[in-house]
Amino acid sequence: MENFKGLQKSLYIWTDSADLDKRVQQLKSATGGDVALENVHRLSFSSYANSSFDLIVIECAQLTDSYVKLLHMLKPSGKLHLVSFIGPAASLLQEIKLSGFINCREDSPDALTAEKPGYETGSSARLSFAKKNASAVNVWKISGDDEELIDEEELLDEEDKQKPDPAGLRVCSTTGKRKACKNCSCGLAEELETEKQSQKANETAKSSCGNCYLGDAFRCSTCPYLGMPAFKPGEKVQLGDNLLKSDI
């Protein structure tokens, strides 16, 4: 009872009326406050308001359906003290915890104490994690001072830096494109034709399938070069007279 000093309002729930006055006086002396009385069998019919008592003392622990009610009757951080309980203390402590009490402990072989949390049952509190910290650094934002810029000159190789031949940039005075018009009189048509003929002369000779010079392993079944050794691309190969005659 020494831990209950200073509690102003207490409720004593009794089962045996013998020496009841003596026990009540002991509780008053320990707390220094007022003590109300209630019979354990009348507890379910009582209509105490929520948060009415700082301390509730019970002589009997056979209240499996009343611990939640006692929790509501206590003020925040109020205490529940059980004496002369029946059954194992561990089982009773677990039952009290499941009813919402905290700091449940066994004071002695025949006494238990528990506390109501320091807030009212059903109360709520605003959570602070939704608040934005104005000074917080947005790590996803990239600072311009930390950017590594690519040197534009490194994107160009030596060929890109060479100036084009002005002769190859000549365009038709009529169309504005490097394509001669129908009645070209500026000389672009002749120039393009010369380039075309020069390109044809430099092209590598190719067969229809492009594999004749590689050898029989790459030639088609009707190739006239079947049976002949491989030759270099563009090399002149003379076919026999028998290959130039029709089989029919």
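Just so you know, glycine gets a Cβ as well, placed from its N, Cα and C.
Feature annotations, reproduced from Swiss-Prot:
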type: REGION; residues: 4-129; note: region 'N-terminal SAM-like domain'
type: BINDING; residues: Cys172, Cys181, Cys184, Cys186; note: [2Fe-2S] cluster binding site
type: MOTIF; residues: 209-212; note: motif 'Cx2C motif 1'
type: BINDING; residues: Cys209, Cys212, Cys220, Cys223; note: [4Fe-4S] cluster binding site
type: REGION; residues: 209-223; note: region 'Fe-S binding site B'
type: MOTIF; residues: 220-223; note: motif 'Cx2C motif 2'
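Feature annotations (Swiss-Prot) mapped to structure.
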residue : record                        : Cβ neighbours (10 Å)
Cys181  : [2Fe-2S] cluster binding site : 14
Cys184  : [2Fe-2S] cluster binding site : 17
Cys186  : [2Fe-2S] cluster binding site : 14
Cys212  : [4Fe-4S] cluster binding site : 23
Cys220  : [4Fe-4S] cluster binding site : 12
Cys223  : [4Fe-4S] cluster binding site : 16
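Among the binding-site residues Cys181, Cys184, Cys186, the residue whose Cα lies closest in space to that of Cys220 ([4Fe-4S] cluster binding site) is Cys181. Mean pLDDT, taken over the region 'N-terminal SAM-like domain' (4-129), works out to 86 on the 0 to 100 scale. You'll find the Cα of Cys223 ([4Fe-4S] cluster binding site) roughly 42 Å from the Cα of Cys181 ([2Fe-2S] cluster binding site). Geometry remark: Cys181 ([2Fe-2S] cluster binding site) versus Cys212 ([4Fe-4S] cluster binding site), CA distance 40 Å. You'll find the Cα of Cys184 ([2Fe-2S] cluster binding site) roughly 41 Å from the Cα of Cys212 ([4Fe-4S] cluster binding site).
Annotation note: Cys212 ([4Fe-4S] cluster binding site) sits in a helical segment as assigned by DSSP. Cys186 ([2Fe-2S] cluster binding site) is 43 Å away from Cys212 ([4Fe-4S] cluster binding site) when you measure Cα to Cα. Residues of the motif 'Cx2C motif 2' (220-223) grouped by DSSP class, helix first, strand second and coil last, total 0 helix, 0 strand, 4 coil.
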